[in-house]
Amino acid sequence: MANIRKSHPLIKIVNESFIDLPTPSNISAWWNFGSLLGVCLALQILTGLFLAMHYTSDTATAFSSVTHICRDVNYGWIIRYMHANGASMFFICVFMHVGRGMYYGSYTLSETWNIGIILLFTIMATAFMGYVLPWGQMSFWGATVITNLLSAIPYVGTNLVEWIWGGFSVDKATLTRFFAFHFILPFIISALVAVHLLFLHETGSNNPSGLVSNSDKIPFHPYYTIKDILGLLLLILMLMLLVLFSPDLLGDPDNYTPANPLNTPPHIKPEWYFLFAYAILRSIPNKLGGVMALVLSILVLAIVPLLHTSKQRGMTFRPLSQCLLWLLVADLLTLTWIGGQPVEYPFITIGQLASILYFPTILILMPISGIIENQLLTW
């Protein structure tokens, strides 16, 4: 009898994806984030399922139901905070994962990269709708401000916003549909993840050298399963430190005030992982221009493979491109900081400068540095 691991139709798929998968022997810890994202997704679905058992998506009771989860449900507080802070860990891993792809030229695997961009948009939509559900002040006003941006679309904008709201303002209908979408989207994300992996396993993984590694591969298990477990332990350590010692560190105090349409908070801002895009949006005085810049700040990733001018795949041996990538990281950190600051001098100016720097770095400076480095190779 043949090994069931290799002959059973279902187990064979798992075997070829996680056990006998030929993997480059030199991939570093930067390749851990894919598996960590899978764990984050599973954790979010699991904690979210238990939260959904006790949550009510009605404007009159939503805030109270979240309070009830934290106070009265067995271990409800830890489930709620694991879900809220799990989203932060999810986005930390997403940013690391995308940054790895940029640094090592993984974007040359175009199908995998493009599915990844669709995944990023879907994850961001899910997180945004999840932030609305507790129905605190920042939930309500965040939903109002962000959905209202669609009114900048010519001709259909206003109708589109009212269609999304299900009325003339963010109200009961909005909350109910956001809960429905927030529940279904993680399963759509899971399906997209399967497609992401399907495309990845068609070509095989990239590696730090950027060279073809067909001549030097090792089985995924036990080498990388052990390595992934180490990464997982560190992730759980960070998450539980956050959940058990300062669960509200990354949240907004305004969200502990029930939503009130008659009282606007002094500073409306989204969760920290959207602040870079929010800062770009705010730095453009024109509404439509701001919305376009907001979308393009993520969509620009789709153009990155087309702008690859270097003869080398990764940035491992390209110091000039490395400098530019770290400049981009610094710029994104600056934008994240600015997004959380009030709209006043000097923050407006800093935000505008950081936004101006963001797009040319990716669209102009990086391709030019690739050309210069090609010249240096023949110098």
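Just so you know, glycine gets a Cβ as well, placed from its N, Cα and C.
Here the structure is a predicted model, which means the values were calculated and not measured.
Sequence-distant contacts of H83 (heme b b562 binding site), defined as residues of its own chain at least six apart whose C-beta falls under 8 angstroms from its C-beta, comprise Q44, T47, G48, L51. Reduced to three states, the DSSP call for H83 (heme b b562 binding site) is helix. Annotated heme b b562 binding site per Swiss-Prot: H83, H182, in sequence order.
If you look up Swiss-Prot, you'll see H97, H196 marked as heme b b566 binding site. With a cut-off of 8 Å between CB atoms and residues at least 6 apart in sequence, the same chain places T112, I115, G116, L119 near H196 (heme b b566 binding site), listed in sequence order.
The DSSP secondary structure for H201 (ubiquinone binding site) is helix. Summarising the annotation, Swiss-Prot assigns ubiquinone binding site to H201.
For 33-53 (among others), the entry in Swiss-Prot reads transmembrane segment.
The transmembrane segment annotation in Swiss-Prot covers 77-98 (among others).
If you look up Swiss-Prot, you'll see 113-133 (among others) marked as transmembrane segment, on the strength of similarity to another entry. Below 8 angstroms of C-beta separation, residues 55, 57, 62, 66, 87, 90-91, 94, 97-98, 101, 106-107, 139-140, 142-143, 146, 174-175, 178-179, 181-182, 185-186, 188-189, 192-193, 195-196, 199, 270-271, 273-274, 298-299, 301-302, 304-305 of the same chain, each at least six residues beyond the ends of the transmembrane segment (113-133), sit close to that stretch.
The transmembrane segment annotation in Swiss-Prot covers 178-198 (among others).
Annotated transmembrane segment per Swiss-Prot: 226-246 (among others), in sequence order.
Summarising the annotation, Swiss-Prot assigns transmembrane segment to 288-308 (among others).
Swiss-Prot lists 320-340 (among others) with the feature transmembrane segment, giving similarity to another entry as the kind of evidence. Here the transmembrane segment (320-340) has Cβ contacts under 8 Å with residues 99, 102-103, 269-270, 272, 274-280, 282-283, 310, 347, 350-351, 354-355, 357-358, 361-362, 365-366, 369-370, 372-373 of the same chain, all six or more residues outside its ends.
The annotation transmembrane segment is assigned in Swiss-Prot to 347-367 (among others).
The binding-site residues examined here are H97, H182, H201; by Cβ neighbour count within 10 Å, the least packed of them is H201. Here the Cα atom of H182 (heme b b562 binding site) is found 29 Å from that of H201 (ubiquinone binding site). If you look at the transmembrane segment (226-246) against the transmembrane segment (347-367), you find fewer than three C-beta pairs under 8 angstroms, all six or more positions apart, and that falls short of contact. Note: the stretches the transmembrane segment (178-198) and the transmembrane segment (288-308) are not in contact (fewer than 3 CB pairs below 8 A, sequence gap of 6 or more).
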